[in-house]
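Let me begin by presenting the structure, written as structure tokens, before commenting on it.
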Ligand SMILES: CSCCC(=O)C(=O)COP(=O)(O)O
Ligand SMILES: [Zn+2]
């Protein structure tokens, strides 16, 4: 057994959350991160924890049958656990699901009225798996219902009929969610989508509405 197999995967989530917090993408208690284990259960951030200073007990374990293992009585699963569950059910290859709130994600979610955000054909899309000459890509947008289960249901219905072009979705006036085959890839995906959002906001300032 090498040393990496002994590492608690929650440490990766703690490090990623601290990094996202430093970027201003997980301010206060905003956002939630999860990682799936080989038995199909996943660790997810407990609800309402300061994401810049997570500790090993600030996670709950959610099993495929919905059972929840809490380290302490006051640790509740993230309010957005239903979204992570639906992503893991839809995408068997997904090992990590990360959700952050940035100012730019909220701004670009208002660039269109419809349910799909056209993305500029940037080289960065290759990092998200889009290897095309001038990619014609959209990011799905979902309404930010107060009942998170409703958001999760709409994600399930839409993606079951129309798989997304990218491993990412945007919730309007809320934030972005990505999923990936490893926690490292999920962290990269967050950085890439946030770069694209920053570009879109800057491009609007420079070129106006295009
Ligand atoms: C101030 S963030 C409001 C809730 C939210 O959108 C979020 O991402 C954090 O919720 P959690 O229950 O995972 O702490
Ligand atoms: Zn959120």
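Note: Cβ is positioned from N, Cα and C throughout, glycine not excepted.
Curation plays no part in TrEMBL annotations; they are all automatic predictions.
The structure displayed is predicted, hence computed values, not measured ones.
Feature annotations, reproduced from TrEMBL:
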BINDING   99, 101  Zn(2+) binding site
DOMAIN    11-201  domain 'Class II aldolase/adducin N-terminal'
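Looking only at the binding-site residues 99, 101, the densest Cβ neighbourhood within 10 Å occurs at 99.
The DSSP secondary structure for residue 101 (Zn(2+) binding site) is coil. Mean pLDDT, taken over the domain 'Class II aldolase/adducin N-terminal' (11-201), works out to 98 on the 0 to 100 scale.
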